[in-house]
Amino acid sequence: MCLLLGATGVGKTLLVKRLQTILPRRVGTNLTDIVAHRRITIRELGGCMGPIWSSYYGNCHSLLFMVDASNPTQLSASCVQLLGLLSAEQLAEASVLILFNKIDLPCYMTIEEIKSLIRLPDLIACAKQNITTVEISAWKGTGLSEVLRWLEDTHRTNG
């Protein structure tokens, strides 16, 4: 299973809907199966559910963590959430894809600015997980092919 996590309003639901328009799927309330080369179940958990995210770590093979690249005031909270995820023992084997969303907005921060502000190179160096980053626009569909490729590759190797 793949968890899709991030703060409230970063675009998680829109990303799932965009992926559903590209690939065959089965949809639940916050559970979506997409079928690429194999079935991948994505469980989206809202930002307000942060306190109970850990209840869902058990069967997690991969993690999509979304950050709003147009909201600098939310960045520190997202960084704290990400640190919590990376330090969770149950997620030590999970592959992580950090999605910098909303790059279609004129006020978005560049990936270099975000990486610097959250000290991403340091996070990656200390993390047990394999971490990849991608800039996307869930609204316009930019970067979705990279997300799908990552999901396919990750679930091909991790099951």
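Cβ atoms are placed via backbone N, Cα and C, with glycine included.
Note: TrEMBL annotation is automatic and uncurated.
Sequence annotations record features per position, and here TrEMBL assigns GTP binding site to G6, A7, T8, G9, V10, G11, K12, T13, G47, N101, K102, I103, D104. Taken from TrEMBL, the feature Mg(2+) binding site applies to T13.
The structure, with features from TrEMBL marked on it.
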residue	record	Cβ within 10 Å
G6	GTP binding site	26
T8	GTP binding site	13
V10	GTP binding site	25
K12	GTP binding site	25
T13	Mg(2+) binding site	14
G47	GTP binding site	18
K102	GTP binding site	25
D104	GTP binding site	15
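Geometry remark: K102 (GTP binding site) versus T13 (Mg(2+) binding site), CA distance 13 Å.
If you take the Cα of G6 (GTP binding site) and the Cα of T13 (Mg(2+) binding site), they are about 11 angstrom apart, rounded to a whole number.
Cα of G47 (GTP binding site) to Cα of the residue listed as 'Mg(2+) binding site': a distance of 11 Å.
Cα of D104 (GTP binding site) to Cα of the residue listed as 'Mg(2+) binding site': a distance of 17 Å.
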